[in-house]
């Protein structure tokens, strides 16, 4: 419901402000003022956006930052006792996420120093960059420069000081970098589908981020995905048959991982992000991209085309998908309630979030960590890895030849393999529970 | 299906389904090599049996537009009815929108189908039912929004025709491409009625359920079918931009990954709509007695507007007033209806 309200709110605000803009133009063509504060001159970015020339710099910036702060407080993304790791790729979205988290931290530090009793600590912040050069050798050329730039950027965002973790994507395969790199290359070579390869890399990237976060004591992972990125994800997931698990990926919070993932820029669109980078002089680095030829790129082109046609299309897509039922893990786990500030608790109750309460029945795909549905079960019980995966990963990542499955499984990171064993254990537990159901005493029954 | 693909080792010159006959084509959906008998008819039969679409003795109306989908559907259904002894009474039901140059050839095709397949044909026109042809409506309202009228009128006209024929089921030729397109459009615009449009049978709680035996059949496979009759009319009034976007996107997807269309349908089936999202309750229209979630059904609202010389009434947010919820709901309804272009979909 909060996602829905938030989406409707931004959509409604957009519509209303658009009308106001027209009126202002009609009345005073020669003297244009900011639609919001009516005192400053509006900015012009010249990027063809329909709302260009309506807001002044200050109002535009506070609007975008306001969305970020509302998301953070409404979903308890960051609390005073947290230790936050910001995933930073060098792109615009993660750069804005890093900047906003830093500003939040600076404000918290000021409050801490100003308060007499110093009751609320300041949350910690670290930065992680995933080095994908093992998967994309063409990245190696500009990578060292990029890392140096990232290091200096992180240094400039202090005090408070922030650790930078440069994580090779092959680190999930073990500490021996030569063997790990070799294993990664073999794994990618065994995936024939171009889109499957891209998706597998995304999953490995998330695994490596989770690894560095849990090993270094972080309890939150901030991802800079904005509305536009999520709109593309909604369509790519639909196109790959992932309708069931789709809603898990587009909520503000995703706690199915050991370190919960939060998306504070979920309600900001790409155009706002790029404008803010331009406005604040936030520099970004674009690593050489591997040429894409799969479904993910086709969907991105399609969404971009729709966005040109209708500027609110991306918001509509995400708002539509937000009507899907979230999963139980799409909120910060309850054990943190004691540390959650009163204002956040009040706001959470106000939004009255409703989640799927079936906590114990969810099984997850070992490769992509998506919740599995009944339609994902295979009729043929021949291979443990095959059975444990979702139908999408079976098709686009697993090798088609049964004889290659064992070899493929041996190449996967340990974490994914342990998921398969967990899946088997899960199945047997459910089976046993069903068998002895008649003999079980219910808790309330026993009380009587 | 994935396991089947994995095990497929291209057996030399044998159909990979029955392993008996010589394959004649590589099917677009799965790239399997299959023979003519296994192609298509058997799969439609499996879809019908597996989903229990029909019972013996039922009267079934086939929504027939004269296009390739309904033409092939009429042939396949009558053929399977004979071969597998479904025991169905089959009828052809056509709607004449009254669009000059568009429906005439199509109706001629349906009349030929009536003779070829020996199925009784019932043609209903907008003029007979509502007093207005689409040509008249376009004169009144212009090119914009006219497909809202056509979509609303046609849907109800089918229900009325089915009631007139006293049939138990109504069958339409929606294929996998159509349903995938509908799933995408629902994501692009609104999820309001998604749970209703992906089922192979919809309206089961209503007076006349609608069935889509071609739900898992690709459009390309319908074109390949050897009994195709050439009639590819497209509505001259309404090239619909969003429909075009989604259609083109689906074709690009199919080129990249043929099974993506089935994956989209699977996603549509797997979506879980939050229970807090209100679904409109179905009732009956006060005026004409047909199914409606409002006091008046949409067709009566539009018809009243036409008859009073106020054709814009009932379109967009004109009647929503200041109520935000009402606005949103009506907007949802209208946009969803607008998505259903009368030209590219057979019904």
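Backbone N, Cα and C atoms are what each Cβ position is placed from, and that goes for glycine too.
Unlike curated entries, TrEMBL annotations are predicted automatically.
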Of the candidates B:44, B:48, B:95, B:200, which one does TrEMBL list alongside B:63, B:64, B:65, B:69, B:173, B:178 as binding ATP?
B:95
In the domain 'tRNA(Ile)-lysidine/2-thiocytidine synthase N-terminal' (B:60-193), how many residues does DSSP assign to helix, to strand and to coil?
77 helix, 20 strand, 37 coil
Given that the record lists B:63, B:64, B:65, B:69, B:95, B:173, B:178 as binding ATP, what is the largest C-alpha to C-alpha distance among them, in Å?
19
For the binding-site residues listed (B:63, B:173), most other Cβ atoms within 10 Å of the Cβ sits at B:173
Using a 10 Å radius around each Cβ and all protein chains in view, which of these binding-site residues has the most neighbours: B:64, B:95?
B:64
Among B:63, B:64, B:65, B:95, B:173, B:178 (the binding-site residues), residues with Cβ under 8 Å to chain A, listed in sequence order
none
Around the C-beta of residue B:69 (ATP binding site), how many further C-beta atoms are within 10 angstroms, looking at every protein chain?
25
